[in-house]
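Undergrad: This is the structure, below, for whatever I ask next.
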Amino acid sequence: LAGAFCIPLYVPYVLTGRWIFGRSLCKLWLVVDYLLCTSSVFNIVLISYDRFLSVTRAVAYRAQQGNTRQAVLKMVVVWVLAFLLYGPAIISWEYISGRSIIPTGQCYAEFFYNWYFLMTASTLEFFTPFISVMFFNLSIYLNIQKRTKMRLDVFHEVHNQSFTEEMERSPEAKFSLKCCKWEQKESAETLDLSKSKAQAAASTSSLDAKDLLATSSESSRKPKGCSKKSCKNSASTLSSEKRMKIVSQSTTQRFRLSRDKKVAKSLAIIVGIFGICWAPYTLLMIIRAGCHGQCISEFWYETSFWLLWINSAVNPVLYPLCHSSFRRAFIKLLCPKKLKIQPHDALQN
């Protein structure tokens, strides 16, 4: 809208120094220009707030993702507030004051040199949004840092779990642990027998039926299927499962951290571009109003004015670069056929 309406009308005004389109079109041009620039700022705040909720209140955010009415309402409120900030003043200022201060052949707002009004409007249009976006960005960054620390602590805790604790979590693990204990017990008994071979031989000759029955009963308690090979295989299997679980958790954590860092990075870029494009104009406008245009060069004021429109040109490119969801939305708007899959094509593939 800025490129289609505002800039084409402003270029002849800059080149000739005179407004040649009449008083009514001048007011319309001023209303649209201020509306578009202000709504651009408020939309940045709304998008930043949306990103803030998606990171800090993920559960509640996902629950409201399908609420189209609420999303549309927020966007309508942004445009209404953007109009109310400057629109009524542009339209009715000369009627309230009783006279117009705009010379013939010029086109600017009646409040152009009213320092008090511009200071108040600039606070609502630039300073408050800029502080808000900075707050959202900083909150997201601190939240990511906190979650990073928590996830790393959980990862180290899982990684440092002992093999025995891992085995005690399931019946199969308990059975494997029991088998291993039996193998260790039998190995110890074999070692003791080898050391006292003579005594064992003598005692074997004097065994009675009761001793034989006790020995048979003790042996029968040994779990079926226990062997050295099964014990080693169980340990190897559980160790492998543990490693796979740790690798899976590590991959998931890296993905989430990478996603959250991208959100913080994209917001930082948006805040930086917003500050570069808006801060010069806002400061020069306030200073120019205070000294009635005597202390600010016309060249620098025009440069800062064009920076506002550059911000409107950069935003549609900046958002898709920073967010995959915006890329999909722009592709859907500009190239809808790319996202459509014909049924017969899908069946052939």
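Cβ atoms here come from the backbone N, Cα and C positions, even for glycine.
According to TrEMBL, the domain 'G-protein coupled receptors family 1 profile' annotation covers 1-319. Among the features that TrEMBL reports, transmembrane segment is placed at 28-50, 71-93, 113-142, 263-287, 299-322. Annotated region 'Disordered' per TrEMBL: 214-233, in sequence order. Residues annotated as compositional bias 'Basic residues' in TrEMBL: 222-231.
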Undergrad: As a test: from 28-50, 71-93, 263-287, 299-322, pick the stretch that has the greatest number of Cβ pairs under 8 Å with the transmembrane segment (113-142).
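TA: The listed stretch sharing the most Cβ pairs with the transmembrane segment (113-142) is 263-287.
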Undergrad: Same chain, outside the transmembrane segment (28-50) by at least 6, Cβ under 8 Å from its Cβ: which residues?
TA: 1-2, 5-6, 9-10, 21, 74-75, 78-79, 81-83, 85-87, 90-91, 107-109, 125-126, 129, 132-133, 136-137, 267, 270-271, 274, 278, 308, 311-312, 315, 319
Undergrad: Mean pLDDT over the domain 'G-protein coupled receptors family 1 profile' (1-319): what is the value?
TA: 74
Undergrad: Same chain, outside the transmembrane segment (299-322) by at least 6, Cβ under 8 Å from its Cβ: which residues?
TA: 2-3, 6-7, 14, 36-37, 40, 44, 47, 262, 265-266, 269-270, 273-274, 276-278, 280-281, 284-285, 288, 330
Undergrad: Go through the chain and flag residues at least 6 beyond the ends of the transmembrane segment (263-287) whose CB is under 8 A from any CB in it; none is fine as an answer.
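TA: Hits for the transmembrane segment (263-287): 41, 44, 47-48, 51, 54-55, 115, 118-119, 122, 125-127, 130, 133-134, 136-137, 140-141, 144, 295-296, 300-301, 303-305, 307-308, 310-311, 314-315, 318-319, 322-323.
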